[in-house]
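Database features (TrEMBL):
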ACT_SITE  323  active site, proton acceptor
BINDING   56, 185, 220, 323, 326  glyoxylate binding site
BINDING   109, 110, 111, 138, 183, 211, 299, 354, 355, 356, 357, 358, 377, 378  FMN binding site
DOMAIN    30-428  domain 'FMN hydroxy acid dehydrogenase'
C-alpha cells in the first residue's frame, strides 16, 4: 500500500483509498462516521431517515423474495482467484456507447432524491462527475434536468482539472463534461415525451434509457403501511420538480397540477397504462432524430426473448434488471438470467447489469458473466443519507477500492481482457446455502 512504490497504470490506484482511511485513523484518530459494510450501512440508514424516506429507498415487492433472489445469485457465483499474476497495475477502464470510463460502474437512476438529502440529485450527479463515472437521471427526479446537468459538469470540472486519468472525452463532449444518461418514464402524451427528450439532449444527456418494468409501482407492503407516496403530501412539491420545470407539461397541465399535486406523477411517470412493443419504434425514432442518432436502451429486461426483441426493434443496449426486486415478487434474480441473456445477444448490444450490487466482488461477478457495466443505486443513496456529498463520495470510492483490491489479490489485471465474459473466472455453486438474517434485507 506504499503510494511511493506504485507504478502508473491505465487506472487510478483506487486501492489507496483504503490506505488513506487507515492513515487518517492512525495519525489523527479520525475514523469514518459510518460503516460501508452493506449490512451495517442499511441498518445505520434507518437512523438517518424518517420512515417514509427509509422505506421508499428500501421497500420491496411483496415478501421481498425477488430482492433476496438477487443476493442469493451473487452468493452462489464464486470467484476463482489466480496466483502469481502481475497485478501491480490494473486496468479497470471500459467503454460504454463511446464513453471511455475509468471503471465499469455507473450511477443508477433513482427518483425523489430529496428524501435522502436536501440537495437531492445534485449530490450523486456531482460525485459521478468527480469520479468520471456515468450518471443516469430519473424522470421522477426532484430537480430539473438542467440543474442536474450543471451539478454533473461541476464535479467533472474538478476532476478534469486535477487528474488527467479521469479526463473525459466522449461523443457528446461538446455538450457535457462527463458521461450522462437520461432515464425516461414515458407517459401517453407524446408532446411531453418529446419535450423531455429535447431538454435532456440539450443538457448533455446523450443516451436514452426507457424503463419498461414500472408503468405503476409494484405492491410494496412496507410503503402501503405508511401510505408512502410523497407526491400527495403537503406541500406537494417533492418529486414533482422535474415535471413542473417542463414548459410543455406546465402549459398543458399546470392548472391541473396546482389542483392535484399527483397530476405529474400519475399521468407522466407511474401512470398505470403500459405501452407495448408497438410503441417502441416511435420513441426510438424520436430520440434518434433529436440526438442525431445516439443510443437507445431499454431498462427492465429479464428474459432472453425480450432481449432479442429489444435488439430486433433497434435498441443498442438493455439493462438487465428486476428494479432491485421492487416490482414483481417471486421473480428470478437478475444475475440468474444474465448468462442466458448474454448468450442470446452478447456482442450485438451493450448489456448493463442492475439489481443487487453491493461490493466490488459483485461487480467482478457481473462483468465475468457478460455485463459491460453495472449500475449501483441503493449504495449511493445510503451514503448520501448519512453525509450528503461526503457520504455519497465515501461509499462510491469504497466500492471502487473494493473492486480494485479484488482484482489485485484475485490475480486479474484487466477488467476487459481478463474478467469480461470469462467463464473461468467464476463458478456456480448449486449447493450453497444463503445465510439467513440481515442478508435478506439487502
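For all residues, glycine too, the Cβ spot is worked out from N, Cα and C.
Where the annotation comes from TrEMBL, it is an automatic prediction and has not been curated.
Across the binding-site residues listed here (183, 355), the residue whose Cβ sits among the most other Cβ atoms within 10 Å is 355. Nearest Cα neighbour of residue 109 (FMN binding site) among the listed binding-site residues (56, 185, 220, 326): 185. Residues 56, 185, 220, 323, 326, recorded as contacting glyoxylate, have a largest CA-CA distance of 20 Å. Sparsest Cβ environment among the recorded positions 220, 299, 323, 326 (other Cβ atoms counted within 10 Å): 220. The shortest Cα-Cα distance from residue 183 (FMN binding site) to any of the recorded positions (56, 323, 326) is found for 323.
Checking each of the binding-site residues (56, 185, 299) against residue 323 (active site, proton acceptor), the C-alpha distance stays within 10 Å for 299. A C-beta separation below 8 Å, combined with a sequence spacing of at least six in one chain, links residue 185 (glyoxylate binding site) to 138, 139, 140, 211, 214, 268, 269, 270. Within the same chain, residues at least six positions away from residue 111 (FMN binding site) with a Cβ under 8 Å of its Cβ are 138, 139, 140, 141, 142, 239, 269. For the pair residue 355 (FMN binding site) and residue 220 (glyoxylate binding site), the C-alpha distance works out to 17 angstrom. Fewest Cβ neighbours within 10 Å among the binding-site residues 109, 377: that distinction goes to 377.
Mean pLDDT across the domain 'FMN hydroxy acid dehydrogenase' (30-428) comes to 94 in this model. Most other Cβ atoms within 10 A: among the binding-site residues 56, 357, that distinction falls to 357. Binding-site extent for FMN: residues 109, 110, 111, 138, 183, 211, 299, 354, 355, 356, 357, 358, 377, 378, maximum pairwise Cα distance 22 Å (rounded to the nearest whole number). In this structure the C-alpha atoms belonging to residue 299 (FMN binding site) and residue 326 (glyoxylate binding site) are separated by 14 Å.
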